[in-house]
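Working notes, structure below.
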Amino acid sequence: MDYCSLLVVSFLITVMTVLASKENDHELIKNPQNSLSSWISSSSSSSSMLVDVCNWSGVKCNKESTQVIELDISGRDLGGEISPSIANLTGLTVLDLSRNFFVGKIPPEIGSLHETLKQLSLSENLLHGNIPQELGLLNRLVYLDLGSNRLNGSIPVQLFCNGSSSSLQYIDLSNNSLTGEIPLNYHCHLKELRFLLLWSNKLTGTVPSSLSNSTNLKWMDLESNMLSGELPSQVISKMPQLQFLYLSYNHFVSHNNNTNLEPFFASLANSSDLQELELAGNSLGGEITSSVRHLSVNLVQIHLDQNRIHGSIPPEISNLLNLTLLNLSSNLLSGPIPRELCKLSKLERVYLSNNHLTGEIPMELGDIPRLGLLDVSRNNLSGSIPDSFGNLSQLRRLLLYGNHLSGTVPQSLGKCINLEILDLSHNNLTGTIPVEVVSNLRNLKLYLNLSSNHLSGPIPLELSKMDMVLSVDLSSNELSGKIPPQLGSCIALEHLNLSRNGFSSTLPSSLGQLPYLKELDVSFNRLTGAIPPSFQQSSTLKHLNFSFNLLSGNVSDKGSFSKLTIESFLGDSLLCGSIKGMQACKKKHKYPSVLLPVLLSLIATPVLCVFGYPLVQRSRFGKNLTVYAKEEVEDEEKQNQNDPKYPRISYQQLIAATGGFNASSLIGSGRFGHVYKGVLRNNTKVAVKVLDPKTALEFSGSFKRECQILKRTRHRNLIRIITTCSKPGFNALVLPLMPNGSLERHLYPGEYSSKNLDLIQLVNICSDVAEGIAYLHHYSPVKVVHCDLKPSNILLDDEMTALVTDFGISRLVQGVEETVSTDDSVSFGSTDGLLCGSVGYIAPEYGMGKRASTHGDVYSFGVLLLEIVSGRRPTDVLVNEGSSLHEFMKSHYPDSLEGIIEQALSRWKPQGKPEKCEKLWREVILEMIELGLVCTQYNPSTRPDMLDVAHEMGRLKEYLFACPSLLHFSSQETQGEASS
């Protein structure tokens, strides 16, 4: 990125002090995103410099004195150092330079603004060095945010202990490298403090007792430091308004030499608004007693994991009726899982793993309607898996491994159709693998682990329906029979472990043809015959283990076998070949060359039969296309001419509305023609889509088709048509003007000078698009396949609601998968329709002569999701990587996604939300990647339908609402206070 090389703020000051009369001063600014274009253009064209400054982007002046009182140039990708000359803005109340790339140190001169400055935000930059103690002079400061920089050294005492301590409400120094203690002594009274965010530093010492004076505190986050001492019970007891308390990953202990948690829980009894409590990773000792019932009924999340808490889980925890997350994992808890947990009807995630819990899993857990994750792994639980788990329709991850569970795998688990992970490994389960489970869990997309049990019988053929699953582990059981060749249908499979069973017969070659398989272990079975060549020819296989079978034949050291050692073939005495340590093969006699023509003739005949017949059939099939009657389209157009819903607009009215289709009104162009913005006589703002006369013959069918679809469909997420205008040589669609342009402009703001969206907005937009396309596929009066879904065809209204547009190449669908063309539309088997759509978004089957289907739109939507997360256009990936966006993302999934998720988070990170929400944001981004990969699978039949996709996007949208906003102290409130 080309960062600014000039101090932007310094330039502002030189202009204000009328030192900017030199014509070339504006040329010193390197402004890569053109974020400050108004500064440059106005300073070079206007004679009244002072007035111009007040009109500049990010600048606000006092209306009476025209003195600059606010400077907010946050989130504009600016760089350079912050100039000390900022102190010359003596009337400044708000200074916000956050979310840029400023480097260097914080100028101590900012402290001279003590008479006026109320809000200072320098967060999310690259600033380093110490925090200047001069900032302690800012005695009117209300809001201080220096978080997410590279600051080091100790926190200056003056920052907390001076005149400003009476006014400071918000302090964020988080995510730096600050050391030393929290500098609060008995003389410091931060009485107005509501937010204290010091997480992810290197702070030591105890929580200062004088913090108890901050009785208005709502949010205290000291997580991920090196703080020590007893949990600050006396401090917390004086904070009745506390809503969020994060003390995880420090070195705190409980009372009475780390044996008693009771005083701390008692101190929280006054905090009736408490919503989240996190104490994880402190090695806290003690028990969770019945006093937990006195905690706030508003509690939503409790994190007590990674401690040394012992005793049982008190049934009284069921009094916390609003709890959605309970994490007690990695402790020393014993006793049974309380049945009373079923009273927590809002529970979504329960983590009880890695404890010493005993008894049976309560069947009542199956009555928690929203439960999406249950992890009770690594305990001493016994008994059977409850049948009631089949009631958990929202269950996505079920982890029961590492217990002493017995009985069979319940068939009812097949009802948990949203399961992504099922891990029942390392138990004492018996019986066969239920057909009802594997046949219904088609959506299982992460892993299935049934290893280390006593399961018997064959692998059900229905397992092959799991075409989304990434990993299957059935090892260390008593399974028998053949390995089904149908497992080759699990096309997403990357890891397959069938070792230590009783499988016999030959190894199916279809496993070697799995396109993403990386690891295969079939050791310790009774497999016979040769290793199929497909395994050696695989380009993805990295780890193979064929040991201790009865395999025979020649093994080459070529292809995927080139990096294998003899350890992959131990105990297979009948194998020979060129692997180091393996016995060499005996030479075979060569057949006379006279047999070669005979063999070729025997092979050629069936090949011609196999490949020739489909070609003949395909040519016949192309002649039997069903088409829409041309008369139907024309009759409909005549009928709509008198429809009051579509007012008639003359050609002259459109000329007047668009200024004669002036170039200044042009807002877009494409193959079909041009789009102009305009204003009708009733002040309606419109977009006029005009068909180019030069291409009228070629695209007239597209024009009619778009008219037809827009008039027949109505949905809040589809563009509506105002009317049409046609005359000889002129065809136009009149549509509402979308003030926020296309999604493409927001995904690539550097190209279009648009503001970035955030993750919440993007998920809402994708949810809107999915709803719109689902309507077209399943509920529209005429079923429609869009065929060209991409960011530029998604428009955003003034409320950032997404509307799908551009139906010029859509197909009308008559049956479930039967495409019916309009008068000029043909199958994708024709030259005209072969690659109908946009490169990078076109489903691969369209390039092989397949007809338009709803699966193609699902593919395009998946590409859209992957594009949003990766920040890369699919065409860029094709050019630079030589692969599709799906293949690019698949190569990073799941182990190498951290960098991609980090970059996505840096681009789309929501503002005005606590850093604590980052865990949730990462999960949402990961799920967007997973959904994108599922939607872009090569085989169309394995993709979900758009109703399922819309449901998933709706769930992610609701999931994001779980993260609270900064409750009281919004930036608007701060600015309002600053300007008062």
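Backbone N, Cα and C atoms are what each Cβ position is placed from, and that goes for glycine too.
When secondary structure is read from DSSP and collapsed to three states, Asp788 (active site, proton acceptor) falls in the coil class. What Swiss-Prot records for Asp788 is active site, proton acceptor, and it gives sequence analysis as the kind of evidence.
According to Swiss-Prot, the N-linked glycosylation site annotation covers Asn55 (among others).
The Cβ of Asn88 (N-linked glycosylation site) has 19 neighbouring Cβ atoms from other residues within 10 Å, across all protein chains displayed. Marked as N-linked glycosylation site by Swiss-Prot: Asn88 (among others).
Taking a C-beta cut-off of under 8 angstroms and a sequence separation of 6 or more, Asn152 (N-linked glycosylation site) has the following same-chain neighbours: His128, Gly129, Asn130, Asn176, Ser177, Leu178, Thr179. Secondary structure at Asn152 (N-linked glycosylation site), taken from DSSP and collapsed to helix, strand or coil, is strand. According to Swiss-Prot, the N-linked glycosylation site annotation covers Asn152 (among others), on the basis of sequence analysis.
Taken from Swiss-Prot, the feature N-linked glycosylation site covers Asn175 (among others). Secondary structure at Asn175 (N-linked glycosylation site), as computed by DSSP, is coil. Cβ neighbour count for Asn175 (N-linked glycosylation site) (all protein chains, 10 Å cutoff from its Cβ): 22.
The N-linked glycosylation site annotation in Swiss-Prot covers Asn257 (among others) and rests on sequence analysis. Asn257 (N-linked glycosylation site) is surrounded by 9 other CB atoms, counting those within 10 A of its CB over all protein chains shown. According to its DSSP assignment, Asn257 (N-linked glycosylation site) is helical.
Long-range C-beta contacts of Asn322 (N-linked glycosylation site), restricted to its own chain and to partners at least six residues apart, with a cutoff below 8 Å, comprise Val297, Asn298, Leu299, Val300, Lys346. Per Swiss-Prot, N-linked glycosylation site is recorded for Asn322 (among others), and the stated evidence type is sequence analysis.
Sequence annotations record features per position, and here Swiss-Prot assigns N-linked glycosylation site to Asn327 (among others) based on sequence analysis. When other Cβ atoms within 10 Å of the Cβ of Asn327 (N-linked glycosylation site) are tallied across all protein chains shown, the result is 20. DSSP assigns Asn327 (N-linked glycosylation site) to a strand segment in the three-state reduction.
According to DSSP, Asn380 (N-linked glycosylation site) sits in a coil region rather than a helix or strand. The Cβ of Asn380 (N-linked glycosylation site) lies under 8 Å from the Cβ of His356, Leu357, Thr358, Asn403, His404, each of these being in the same chain and 6 or more residues away along the sequence. Annotated N-linked glycosylation site per Swiss-Prot: Asn380 (among others), in sequence order, evidence recorded as sequence analysis.
Sequence annotations record features per position, and here Swiss-Prot assigns N-linked glycosylation site to Asn449 (among others). When other Cβ atoms within 10 Å of the Cβ of Asn449 (N-linked glycosylation site) are tallied across all protein chains shown, the result is 20.
The N-linked glycosylation site annotation in Swiss-Prot covers Asn497 (among others). Around Asn497 (N-linked glycosylation site), a 10 Å sphere centred on its CB holds 20 further CB atoms from the protein chains shown. The DSSP secondary structure for Asn497 (N-linked glycosylation site) is strand.
Its own atom aside, the Cβ of Asn545 (N-linked glycosylation site) has 19 Cβ atoms within 10 angstroms in the protein chains shown. Per Swiss-Prot, N-linked glycosylation site is recorded for Asn545 (among others), and the stated evidence type is sequence analysis.
A 10 Å cutoff on Cβ-Cβ distances gives Asn554 (N-linked glycosylation site) a total of 15 other Cβ atoms nearby, all chains included. Sequence annotations record features per position, and here Swiss-Prot assigns N-linked glycosylation site to Asn554 (among others).
Annotation source Swiss-Prot lists phosphotyrosine at Tyr775 (among others). Look at Tyr775 (phosphotyrosine): DSSP puts it in a helix.
Sequence annotations record features per position, and here Swiss-Prot assigns phosphotyrosine to Tyr841 (among others). The DSSP secondary structure for Tyr841 (phosphotyrosine) is coil. Other C-beta atoms found within 10 angstroms of the C-beta of Tyr841 (phosphotyrosine) number 26, with every protein chain shown included.
If you look up Swiss-Prot, you'll see 191-214 marked as repeat 'LRR 6'. Outside the repeat 'LRR 6' (191-214), and at least 6 residues removed from its termini, the chain residues within Cβ reach (under 8 Å) are 142, 147, 155, 165-182, 184-185, 220-230, 232, 234-235, 237-239, 241, 246, 914-916, 966, 968-969.
Annotation note: Asn545 (N-linked glycosylation site) sits in a strand segment as assigned by DSSP. Calculated from their C-alpha atoms, the gap between Asn497 (N-linked glycosylation site) and Asn257 (N-linked glycosylation site) amounts to 48 Å. The average pLDDT computed over the repeat 'LRR 10' (296-320) stands at 95. Of all the recorded positions given, namely Asn55, Tyr775, Asp788, the one with the smallest number of surrounding CB atoms inside 10 A is Asn55. Asn257 (N-linked glycosylation site) sits 24 Å from Asn327 (N-linked glycosylation site), taking the CA atoms of both as reference points.
Among the recorded positions Asn327, Asn449, Asn545, Tyr775, Asp788, Tyr841, not one has its Cα within 10 Å of the Cα of Asn175 (N-linked glycosylation site).
A distance of 37 Å separates the Cα atom of Tyr775 (phosphotyrosine) from that of Asn449 (N-linked glycosylation site). In this structure, the C-alpha atom of Asn55 (N-linked glycosylation site) lies 42 angstrom from that of Tyr841 (phosphotyrosine).
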